[in-house]
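Here the structure is laid out as structure tokens; the discussion comes afterwards.
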Amino acid sequence: MKICILPGDGIGPEITAEAVRVIEALDLKFEMEEALLGGAAVDATGDPYPEATRKLAREADAVLLGAVGGPKWDTLPREQRPERGLLGIRKDLGLFANLRPAILYPELANASSLKPEVVAGLDILIVRELTGDIYFGQPRGLEVRDGERFGFNTMHYSESEIRRIGRVAFEAARKRNRRLCSVDKMNVLETTQLWRDVMIELAAEYPDVELSHMLVDNAAMQLVRAPKQFDVMVTGNMFGDILSDEASMLTGSIGMLPSASLDANNKGLYEPSHGSAPDIAGQGIANPLATILSVAMMLRYTFNQENGALRIENAVKKVLAQGLRTGDIFEPGTTKVGTKQMGDAVLAAL
């Protein structure tokens, strides 16, 4: 079982180091190899997704990523920016399904910006299509038309693209509370009219899953008004990008949230939902829990090691119950710790 480790930029190397320690502690005989992606790869090779990384990622069963990006590289040509490395590896590995849980741990209820009674017990999974939609549609560009600047993008989805992400979402809902909400904008966008039609057709294959539909503007409002009505949500690339970030902040800290991006065979790229946080890089204060929980997702979805996944998740719960907190989730009455101390505590709980 091979894992490609991509520490990336900013706090990436610090948080992946703790996740690797957790993997090693599981004694599941993983073979791990490290490579460059993002800004670190640009600095070393001039390419955000070098050929050596491409080869290693293709050969691995799973990829663990820290984070990419930072202001240092913002002035580079678009094709050389760190984020192009992330887009490149997603496309190269055929990763079309992004799974992002938004879970509020009881110990962190006060960290949420919403009232505790609104978010207590929150446990949502957002399934986002990753390879289609307006982010990748052609034609796109910037031109001058009729003497003024003109920008354009193209939104499109094929039936097969919608069907395959729909299956991932229905299967995920089947393993949870059997409720799936499909989010679209079918009242004005033909692309999402097709999305809704295909989801309705798929529902016939999953009679044990309750399917509902919601327009994206209403979904954004409902996530803040009454988020616990949702179990699994499925949506397209752009809507999912926005809604998953919104859902993540219901929990109080994006530093707690893992994510998985899967191909058709459950080979996956696993990473924390947060960014590279260059402002705190190298200080040893970043929260490694989202990356550690990403390892739990890796065990569950790619390696079918449910017991290992639960061990990690229970260890994180135990550490939180002990009152240990990194700065992003610290509150009076708890104990502030750094990145390595948090990793030590998770290892001890394991």
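Glycine is no exception: its Cβ is also placed from the backbone N, Cα and C atoms.
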Using only what Swiss-Prot says about substrate binding by R90, R100, D217, identify which of R58, R128, R196 is listed for that site too.
R128
What does DSSP say about A281 (NAD(+) binding site): helix, strand or coil?
coil
Fewest Cβ neighbours within 10 Å, where candidates are the recorded positions R90, R100, K185:
R90
May I ask for the distance between I285 (NAD(+) binding site) and K185 (site 'Important for catalysis'), taken between their Cα atoms and rounded to an integer number of Å?
41
Nearest of the recorded positions to D217 (substrate binding site) by CA-CA distance, picking from G70, R78, Y135, K185, D241?
K185
